[in-house]
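Here is the structure we will look at, set down as structure tokens.
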Amino acid sequence: MADYLQLRNEVELQLEQQQQQQQDESKKKKMKRGNTRLASLDVFRGLSVFLMIFVDYAGAILPSISHSPWNGVHLADFVMPFFLFIVGVSLALVYKNVQNKVKATYKAVIRATQLFLLGIFLQGGYFHGITSLTFGVDMESIRWLGILQRIALGYVIAALCEIWLPCRTRLEITTSEKYYMNWCVILALCIIHSGLLYGLYVSDWEFRLPYSAYSMLSPHDSHIVYMVKCAVRGDLGPACNAAGMIDRYILGVDHLYKKPVYRNLKECSSSGYSHVSGSQPPWCFAPFDPEGILSSLTAAVTCIIGLHYGHVLVQIEDHKSRLYHWLLCSFSLFGLGLLLTYAGIPLNKSLYSISYMLLTSASAGITFCSIYVLVDIYGYKHLTFVLEWMGIHSLGIFVLVSSNLAVLAIHGFYWKSPDSNIVSLFI
């Protein structure tokens, strides 16, 4: 009897050791998976970088792919939402196991600040374009907001949501319940955006045409004050919208983007950059920032939506279940965006309208699903290795190519005259 009990104890001990060993191996596999980059996300980021470069350089030849002058969407209008969506997915992977919230918050704020300052350096007016060898910016006219600045704002808002808002008080809890506060933040940001966009009264305002040594304006034009008549509430046109008014009051009209895309509208199509004639409204020449303060609220919503896709990626391991959740969310957002568009909320990238935010976020989700199936499920990485490499080095490519630093560096080598350089042969 004693031998039987001893044998049974040894067998039970061996079983416990085997179970413990299996659990340890499972933990190691999960840790290994957690440290491995998601190939489809890198490919998606690389695709966004490629689209950005493509629409920047080919947009002048093919206006149909360049940014829409105001309402409507073209291919170029999907690039920014794609980047913001990717930021959200990445944050869900980075902050899936937060041990110290204060330290994580500090790192997120530092990272966002670095990105914001880099954006000011690249797009604040310090560089004068690919046809000029001069550089430097007047601090009275520096542009404070831009592409990287918008990504930085969306990054820090989504990061704070991911660090502080998830409910971790219960062990068994669904994804929607755990992150319900994120959806509350989405709703709050949309309400604030719509309330200010439709509720603020926009009075008449005035501006001067910016003049600098490298502009086409004459000093005489820069002293003329132009008046834009508004006195309306809830207007969504280029001249009298609340988003532009907020930027003019907070940032100052001289610190906004000097060449807004609405200059390609029919009302402004025959206007030059030298002076305002009587045939065009004055606002055609007024500065306006498409990455302004108010539109950054709904841009941050795109990042938070990306968080949801990242949560599904972290908490669900089955490919089929992941795709089910992603596609359900994508088509729901797409349908809601179309419904709001038909209800009268225009698709507008410059205002980052709610319908535009929903439609482009859904498009980002569907594109991500397609790449995930191609790369991570079927393993066709050899077809996308170039895009994956571009995604891994996306910030460097943006700095060198999209911000024209590489072109400016090549432009600096000329023969006898600055006009005799390689760049001048193509531009």
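Numbering starts at 1 and runs along the chain as it is shown here.
Glycine too: its Cβ is placed from the backbone N, Cα and C atoms.
According to TrEMBL, the feature coiled coil maps to 1-28.
Sequence annotations record features per position, and here TrEMBL assigns domain 'Heparan-alpha-glucosaminide N-acetyltransferase catalytic' to 37-161. If you average pLDDT over the domain 'Heparan-alpha-glucosaminide N-acetyltransferase catalytic' (37-161) in this model, you get 90.
The transmembrane segment annotation in TrEMBL covers 38-58 (among others).
The annotation transmembrane segment is assigned in TrEMBL to 78-95 (among others). Long-range contacts of the transmembrane segment (78-95) within the same chain, counting only residues at least 6 positions beyond its ends with a Cβ under 8 Å from a Cβ of the stretch, are 34, 38, 41, 44-45, 47-48, 51-52, 55, 104, 147, 150-151, 154-155, 158-159, 162-163, 299-300, 302-311, 313-314, 349, 357, 360-361, 363-365, 367-368.
Annotated transmembrane segment per TrEMBL: 115-135 (among others), in sequence order.
The transmembrane segment annotation in TrEMBL covers 147-167 (among others). Sequence-distant contacts of the transmembrane segment (147-167) (same chain, six or more residues past either end, CB-CB distance under 8 Å): 80, 83-84, 87-88, 91-92, 95, 98, 101, 104-105, 108-109, 111-113, 115-116, 118-120, 122-123, 173, 177-182, 185, 291, 296, 299-300, 302-304, 306-307, 398.
As annotated by TrEMBL, transmembrane segment applies to 179-201 (among others). Within the chain, the transmembrane segment (179-201) has long-range Cβ neighbours (under 8 A, six or more residues past its boundaries) at 157, 161-162, 165-167, 231-234, 236, 241-243, 245-246, 294-295, 297-298, 300-301, 304-305, 307-308, 311, 351-354.
According to TrEMBL, the feature transmembrane segment maps to 293-314 (among others).
Residues or ranges marked as transmembrane segment in TrEMBL: 326-345 (among others).
According to TrEMBL, the feature transmembrane segment maps to 351-375 (among others). With a threshold of 8 Å between CB atoms, the same-chain residues lying at least 6 positions outside the transmembrane segment (351-375) that come near it are 39-41, 43-44, 47, 73, 77-78, 81-82, 85-86, 89, 190, 193-194, 197, 236, 241, 243, 294-299, 301-302, 305-306, 309, 322-323, 326-327, 329-334, 336-338, 340-341, 345, 381, 383-384, 388.
Residues or ranges marked as transmembrane segment in TrEMBL: 395-415 (among others).
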The domain 'Heparan-alpha-glucosaminide N-acetyltransferase catalytic' (37-161), counted residue by residue under DSSP: helix, strand, coil
81 helix, 3 strand, 41 coil
Near the transmembrane segment (326-345), which same-chain residues lie under 8 Å Cβ to Cβ, leaving out any that are not at least 6 residues past its ends?
305, 308-309, 312, 353-359, 361-363, 365-366, 368-369, 372
